[in-house]
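Taken from Swiss-Prot, the feature active site covers ASP7, GLU66, ASP139. Sequence annotations record features per position, and here Swiss-Prot assigns Mg(2+) 1 binding site to ASP7, ASP139 based on sequence analysis. Annotated Mg(2+) 2 binding site per Swiss-Prot: GLU66, in sequence order.
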Amino acid sequence: MNILGIDPGSRNLGYAIVELNNSHMKLIEAGLVKIKPSEFQYQLSQMIEGLDMVFSSHSVDEVAMEDIFYAYNPQTVLKLAQFRGALALRIIQLHGNFSAYTPLQVKKALTGKAKASKEQVAFMVKKILGIKKEVKPLDITDAMAVAITHAQRLRLKR
């Protein structure tokens with residue numbers, strides 16, 4: 001089963017496809033859709049086109065997306081919410097449904113602590129998926145973490 005993990009951001013869209021086979025997880029692909037600075041509607045379009053490319057190049061059985069987090073800047077929260085809404089609509093159109101996890105849920109699922117740092121999460125992602133090299137930027141490891149969180153939830157449901 002292939003799980004697509006998505007980390008939407010205001011500048012980039014991190015994505016990761018993790019294969020879940022019984023209790024074993026394997027990274028299939030991970031990457032970043034870079035959003036070029038431009039007017040907002042063009043940024044939305046870039047993000048959706050990037051998501052479309054991921055769906056067209058891989059078989060996806062489950063989709064999980066990180067929920068937006070609180071930010072001090074209201075404009076940032078608004079922009080992230082609009083990006084997430086556009087992504088949610090496109091995922092529903094292409095796939096039918098998705099699961100959402102808050103950053104705290106993801107951190108707790110991977111490290112056991114809801115207040116874990118991004119570096120602690122990245123360490124656990126690499127350990128779980130058997131990745132030896134450093135993964136940058138953290139948008140990519142966040143997407144991997146979302147996919148792993150969803151895989152763990154699916155295993156618990158069985």
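Count begins at 1; order follows the chain as displayed.
Every residue, even glycine, has its Cβ placed from backbone N, Cα and C.
Keep in mind it's a predicted model, so treat the numbers as computed, not measured.
Features per Swiss-Prot, on structure.
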residue : record                : CB count, 10 Å
ASP7    : active site           : 25
GLU66   : active site           : 24
ASP139  : Mg(2+) 1 binding site : 24
GLU66 (active site) and ASP139 (Mg(2+) 1 binding site), distance between Cα atoms, whole Å: 11
Secondary structure of ASP139 (Mg(2+) 1 binding site) (DSSP, helix/strand/coil): helix
GLU66 (active site) to ASP7 (active site) - Cα separation in whole Å: 5
